[in-house]
Amino acid sequence: MAHQAHPYHMVDPSPWPLTGATAALLMTSGLAIWFHFHSLLLLYLGLTLLLLTMIQWWRDIIREGTFQGHHTPPVQKGLRYGMILFIVSEVFFFLGFFWAFYHSSLAPTPELGGCWPPTGINPLDPFEVPLLNTAVLLASGVTVTWAHHGLMEGNRKEAIQALTLTIILGVYFTALQAMEYYEAPFTIADGVYGTTFFVATGFHGLHVIIGSTFLAVCLLRQVLYHFTSEHHFGFEAAAWYWHFVDVVWLFLYVSIYWWGS
């Protein structure tokens, strides 16, 4: 390898942006075909290609950062800024859903019966499954912080236990949310209430699944001795993302489940 006189990582040519873009094209085309022709083949093909791209790309980044030493302090600083900007973009993504909800609920139109929830909608009790989900996510926020402290103190066993517990709580939250959707007395087609409810909570649920996957990768890396008390940005990014998911849920719970009911 040629000597470089700077601390920055000059990335090698990679096929993964191309395969990722192809997967995105297949998924959007597949979604349209599923809606109009009831065929899932193209959508599944796109999802499979996306999954393979993610696995291969993450594998390359882990190799570069863990085994090849390319993630120097300036590179880590750039990755931190990148993750912060990504989370900020996600905040604005959810802001659109909250805007739609409050736009519809603060001044209900005559078509909705002039009230919120709209006439004919039987909302979910905020003090049953939604409250349990809130407790589960808050507990997972505590366990992921516990894992971070264990990692920083070099307590490998404690970090593994806390991370495992966090993933279990994430999976439990997803299972409770799926049960709630299955038993909900309204659907996504039931006017603006059903649409805002299922789109906002559904996208949050998708983020919980992504966050749980992110943490599962971190758990595997921790088991394989990839992290040290000084060098563990992959875990830090996962923890930031998980805390963001927690905070979004609190706003969803207070707005849609509690105030909106």
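Backbone N, Cα and C define each Cβ position, glycine as well.
Within its own chain, the topological domain 'Mitochondrial matrix' (1-15) has Cβ neighbours under 8 Å at 57, 60, 64, 70-75, counting only residues six or more beyond its boundaries. Per Swiss-Prot, topological domain 'Mitochondrial matrix' is recorded for 1-15 (among others).
Look at Swiss-Prot and you will find 35-40 (among others) tagged as topological domain 'Mitochondrial intermembrane', backed by similarity to another entry. Within the chain carrying the topological domain 'Mitochondrial intermembrane' (35-40), a Cβ under 8 angstroms from the stretch's Cβ atoms is held by none of the residues 6 or more beyond its ends.
If you look up Swiss-Prot, you'll see 67-72 (among others) marked as topological domain 'Mitochondrial matrix', on the strength of similarity to another entry. Panel annotation: around the topological domain 'Mitochondrial matrix' (67-72), residues 7-9, 79, 231, 233 of the same chain, lying at least six beyond its termini, place a Cβ under 8 Å from a Cβ of the stretch.
Sequence-distant contacts of the topological domain 'Mitochondrial intermembrane' (106-128), counting only residues of its own chain at least 6 positions beyond either end whose CB sits under 8 Å from a CB of the stretch, comprise 180, 184-186, 190-194, 253, 257-258, 260-261. Annotation source Swiss-Prot lists topological domain 'Mitochondrial intermembrane' at 106-128 (among others).
Sequence-distant contacts of the topological domain 'Mitochondrial intermembrane' (184-190), counting only residues of its own chain at least 6 positions beyond either end whose CB sits under 8 Å from a CB of the stretch, comprise 120-122, 124, 197-199. The topological domain 'Mitochondrial intermembrane' annotation in Swiss-Prot covers 184-190 (among others), and the record cites similarity to another entry as its basis.
Annotation comment: Swiss-Prot describes 224-232 (among others) as topological domain 'Mitochondrial matrix', evidence class similarity to another entry. Per-residue pLDDT, averaged across the topological domain 'Mitochondrial matrix' (224-232), gives 89.
Look at Swiss-Prot and you will find 257-261 (among others) tagged as topological domain 'Mitochondrial intermembrane', backed by similarity to another entry. Among residues of the same chain six or more beyond the topological domain 'Mitochondrial intermembrane' (257-261), those with a C-beta under 8 A of the stretch's C-beta atoms are 101, 105, 116-117, 123-126, 130, 197.
Residues of the same chain lying 6 or more positions beyond the ends of the transmembrane segment (16-34) and with a Cβ under 8 Å from any Cβ of it are 40-47, 49-50, 52-53, 56-57, 60. Per Swiss-Prot, transmembrane segment is recorded for 16-34 (among others), and the stated evidence type is similarity to another entry.
Positions annotated as transmembrane segment by Swiss-Prot: 41-66 (among others).
Long-range contacts of the transmembrane segment (73-105) within the same chain, counting only residues at least 6 positions beyond its ends with a Cβ under 8 Å from a Cβ of the stretch, are 7-9, 112, 116, 192-193, 196, 199-200, 203-204, 207, 233, 236-237, 240-241, 244, 248, 251, 255-256, 260. The transmembrane segment annotation in Swiss-Prot covers 73-105 (among others) and is backed by similarity to another entry.
The annotation transmembrane segment is assigned in Swiss-Prot to 129-152 (among others). Through the fold, the transmembrane segment (129-152) approaches residues 158-159, 161-163, 165-166, 169-170, 172-173, 176-177, 179-180, 208, 215, 222, 227, 229, 232, 235-236, 238-239, 242-243, 245-246, 249-250, 253, 257 of its own chain, all at least 6 residues removed from its boundaries and within a Cβ separation under 8 Å.
As annotated by Swiss-Prot, transmembrane segment applies to 156-183 (among others).
Summarising the annotation, Swiss-Prot assigns transmembrane segment to 191-223 (among others) and lists similarity to another entry as the type of evidence.
Here Swiss-Prot flags 233-256 (among others) as transmembrane segment.
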Long-range Cβ neighbours of the transmembrane segment (156-183) (under 8 Å; 6 or more residues past either end):
124, 129-130, 132-133, 136-137, 139-140, 143-144, 146-148, 150, 198, 201, 205, 208-209, 211-212, 215-216, 218-219, 222-223, 227, 242
